[in-house]
Structure formats: C-alpha cells, structure tokens
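Listed in TrEMBL for this protein:
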- 97-243: domain 'Glycosyltransferase RgtA/B/C/D-like' (DOMAIN)
- 99-121: transmembrane segment (TRANSMEM)
- 128-148: transmembrane segment (TRANSMEM)
- 154-171: transmembrane segment (TRANSMEM)
- 183-209: transmembrane segment (TRANSMEM)
- 229-248: transmembrane segment (TRANSMEM)
- 312-330: transmembrane segment (TRANSMEM)
- 336-357: transmembrane segment (TRANSMEM)
- 369-387: transmembrane segment (TRANSMEM)
- 399-421: transmembrane segment (TRANSMEM)
- 428-448: transmembrane segment (TRANSMEM)
Amino acid sequence: MSQFTGPAAARRRFVPVLCLLLLGLAFWLPGFASLPPMDRDEPRFAQASKQMVETGDFVAIRFGDEARNKKPVGIHWLQAAALRGAEAAGVPDAAHAIWVYRLPSLLGALAAVLLTFWAALPILDDRGALLAGALVAATPLLGVEARLATTDAVLTATVAAAMGALGRLYLAEPATRKRMWGAALVFWVSVGVGILIKGPITPLIPALAALALSVKDRSGRWLAAVRPVPGVALVLLIALPWFVLILLKTRGAFIADAVGHDLLGKVGGVQESHGAPPGFYFAAFWATAWPLAPFAIVTAAAAWRRRREPSVAFLLSWAIPFWIVLEAVPTKLVHYALPLYPAFAILAVLLLLRPAVAGAPIGTYRGRACLALMALVPVAIAALAVAGEGRMWTLGPALATGAAAAVAAALGLCWLAYGALRGARRDAAIAFAVAAAVPLYLFVYGWLLTPGVAPGLAVSQRLAAGAASAAGPSCPAPRFATVGDREPSLMFETDGGLLMTDAAGAARFLEDGPCRVAFVAADEERPFAAALGPAPGVALASRVAGVAINGGHKLDIGIYVRH
C-alpha cells in the first residue's frame, strides 16, 4: 500500500505519471483532429459553445435558434475557453475546427487516467496504480469519449477525483481522518464541478457508495470526515450561481426541460430510441471495457470472497450500486457506465497482484474465457473492416495488409498476455493486454477512419465544402437550407445559419433571394422540383453521397445554388 506523501513520493511518481500521459496521447491523438463531427451529440455541444463565444452570452445554451436546456453549462465553458485559447494562439479558422472543441475531452480523459492512478494509491503500490490507469486508458469507450466534444470524459475525471478522495477518507484510520481536510476539499470541489458538467451523476455515485459502505459497516460515523456542512456550502458556491442565472434567464424553462423532460424522461421511459432491457451494460462491458474486461472474469470470484475487506468493499460500492441503477433505467447508452471503469480496473489489479492470488493457478474455464474475451475486440475490428468495405471505406491492398498486420499484432499480444496470466506473471499479463490496444487504435483512428479512406463518413464537411465552391468568391457568406438531412453536424459546418425545412420551404427559400444554397436529399428532390418550378438562376451544382454516422443508412444529397 502506498500512502507516502512529500517530495520523495512526488519524484518517485513522476515516471508513472509521465508514462500514463504518453500512453493516453498515443491512444487518443490518432484521429483526434481528422475525424469529422460525429452526429448527433458532438456537433450540438460544439455549435452551442461556438455560439456562446460569438454572442458573449455564457449563461444560456442555444443550438441555432433553439434553447438547449438539457445539460448544465460546464462543458460549454471549457469548450469556449478552448476556442478562445486557440484563437489567441493563431489557429486558422479555429471556430470551425472540431478538434478545438474536443480539447476539454482529451484533457478530461488524461485527467481520468491520472486520477485513476491517484485513486488507487491508498490501495495499491505505484506499480499497481500505474497498471490500473493504463487499463482505463486502453478501453475503447474512453478512447471514443476522448475524441468527442461531449461531457463524459470530463465527467469520468470528476467522479474519479471524488471517489479517490472518498476512498482515502473511508480507508484511513479514525484518528487520521480528522486531519484529512485536503481529501474532503477535493471531494466537494469535484462534486461541484461535476454538477456543472452533467448534473446529478457525480454526486450520485459517491452517495450510493457511501450508503452501501455505511450499511455494510452498520455505521456512518466515518462520513463526518467528509465535512458535509462546509462541503455542501462549497458545492452551492460553485454550482448555484449559474443555476440561479439560467433560471432567471429562461424563467424556469431550464429546470422544466432539463429535469422534467430530459432527466425524468430517461428515468421513466425510453428517450430517442435508446431503450434496452436490463443486462445491456453487462453485455456491452466485454467490448467497451476491453482489455480490462477479461481480467474481470479472472478476478470475479476473488472479489466476491473478499467483499468484506475494506478496499474491495469500497471498490465494489463505487461500481455496483450505480451499475444497478443504470440497468434499471429504461434509457441506456454505453457511455453512462464509463465513470465506473476506474473502480473495475483498480479492483482487477488489486486482486491479480495480491500475493495470495497472484500465484494461484487460473482454472481452465476462466482461462479460456479470458483468452476469448481478449481476442474479442481484435476479431470484431477485423470483421467490421471487412463488413464496411465498399460501403463506408475502400480498403485496397495496402489497407487490407495494414488491417491484417494490426489485428495479428493485437492477437499475438493477447496470446502473450494469456501466457503470462497462466504463468502467474500477472503484471506482465496486464502490460501485454494494454499493449494490444496500440496497433488496433493506430489502425482504426490513424488509418481506417481518415477522410482519404472513409470519405463517406464526412458528408456534412463535404456538403459545406461543395456549397462554398459552388457559391464562389462572389458569394462569400451564403445562406443555407436543408431538406431531408437534419444532422447537427451540418448545422456546425454551416456556422449555425441553417434553415431546416421541407421541400416547399426549400423552394421558397431559394426564390427569396440570391446567394443561397439548399441541400436536398434524393428522396425529396421530386417534390422540391415540383415546388420550385422553372426558377432562373437555380442550378444543381453537385451531389454528395455517403453514410449517416448516426444510423448507418446511405445518403445522396444534391447541392442546389442560387447566385
């Protein structure tokens, strides 16, 4: 157990912290700038943040002309700060560069990994904490969220900070707890910031954990060390001013929409077709938490046997109560479970490296299950690469060879991890499993999803570029309308000035004046042409074909221009 503090400990931990930072950047920088805006949530967040900077209104959240009363303002402030910083640094056309709005997520993902390391230090030595952080960094789900201008990477960082502080308070000796003002301060600041990022999630996870631990111990006296009275006052100081301002500005509409429609709508029913039965997160875990998930199979029995040990009980209380809540709520999205992954990673490393467990043989059933789960994601990526050929990307000989090499390298490293696990070299097994993610992510994000290989995914970018080319230099700022394609990425690419209408509305839009562009989906072109009639000056400039990121259906959209 490593609880030493001071300059010596800080110097000793510099190397593992640096390793985690470099590992995270190696995982997440490929594709970070080249991926197009990913419909639908990412462009909504980015466009709303862009409009904050343009209007100077940092209280209300708007997407185009509509109020976006769903999430608190925290992520928009971070994205607006990133945009201002990029503009100050001279980044060309920073307001239209989606990677600028992704910077808070990248930093949030790095923070989540480092805070996993920090949260593990009262439980593991430095080496174990490093392995736990590396497992979290390698998961596909955190890799996706690090590349999206949304809330979940930053949210995971706030939860890891809050739970790391709560764990220190719970696991400390009673006499020591009274002096741990620093941990209590970190806890409440994390809760306050988390509320501004995504509302009740950050406070709910430690609240459920504290309840479970108090029930287990038949006492909640340890919670006095959290300093609830000054802590709640600090949270109110952090979060309440904006909530008061937005309530005044929207005349209460924010609470009605965010709580009454968005939050309670997800709890009470299925929203936006994202429903699934209980067990959804359990099924998704084996892919989204790879390569952590295989080690969960190996350590599940040991976790149950040792569930009353303080460290194990704390980690289970972090993960299980909120997991049950997620499975019970009808609306389900895989990223909702991400803040629990640090707990699973720390628990797996704790039990794998514990002397009483580390030398114990892995049974045939668990060993084979672990190997199969290690191979799951490499095989799935190979299958997706083949399935998307000709529809989403064009592999060609070079890309097919790259795919085969990446998958073969990942499978080889998985086999080495399995061998190390069977040979009781558990730290090496974790290291090999984490290394298996490197060739896969380099292939997927650094090659497969690049615009040159998968142009069909960048439909909105190509529509905006085609419109600018067709309008020409005589029309530097055209007005836009769209029929059939209502993806938020098109709103982002057209700078928020997009009229979403029907075929007749698009025809009227073009008739109303020059320097206008209408994007018309193929299945809307017949009624559009009938409504337009013989319109002088209106021409079909080009067409863009591709695949919708959200849904996967084919797109064929005409670009109609009136000069």
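Cβ coordinates are placed from backbone N, Cα and C, and glycine is handled just like the others.
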- What same-chain residues lie close to the transmembrane segment (312-330): Cβ under 8 Å, and 6 or more beyond its ends? 123, 163, 167, 170-171, 204-205, 208-213, 216, 266-270, 275, 278-282, 303, 306, 336-337, 339-340, 342-344, 346-347, 350-351
- Counting Cβ pairs under 8 Å that sit 6 or more residues apart, are there three or more between the transmembrane segment (128-148) and the transmembrane segment (428-448)? yes
- For the transmembrane segment (183-209), the candidate among 99-121, 154-171, 336-357, 369-387, 399-421 having the most Cβ pairs under 8 Å is 154-171
- State, in range form, which of 99-121, 369-387, 428-448 has the highest count of Cβ pairs under 8 Å to the transmembrane segment (336-357). 99-121
- What else in the chain is close to the transmembrane segment (369-387), if you only count residues 6 or more beyond its ends and a Cβ gap under 8 Å? 140, 286-287, 290-291, 293-295, 297-298, 362, 393, 395, 403-404, 406-407, 410-411, 414-415, 417-418, 421, 433, 436, 440, 443-444, 448
- Take the transmembrane segment (428-448) and find every residue of the same chain, 6 or more past its ends, with a Cβ under 8 Å from one of its Cβ atoms. 23, 26-27, 30-32, 35, 131, 134-135, 137-138, 140, 143, 147, 290-291, 294-295, 349, 352, 374, 377-378, 381, 385, 393, 399, 402-403, 405-407, 409-411, 413-414, 416-418, 420-421, 454
- Query: Who are the chain neighbours of the transmembrane segment (99-121) in space, where the CB to CB distance is under 8 Å and they lie at least 6 residues beyond its ends?
  - Reply: 2-3, 16-17, 20-21, 23-25, 28, 32-33, 42, 45-46, 49-50, 75, 78-79, 81-83, 86, 91, 128-130, 132-134, 136-137, 142-143, 145-150, 152-157, 160-161, 163-164, 167, 342, 345-346, 349
- Item | the domain 'Glycosyltransferase RgtA/B/C/D-like' (97-243), counted residue by residue under DSSP: helix, strand, coil | 124 helix, 0 strand, 23 coil
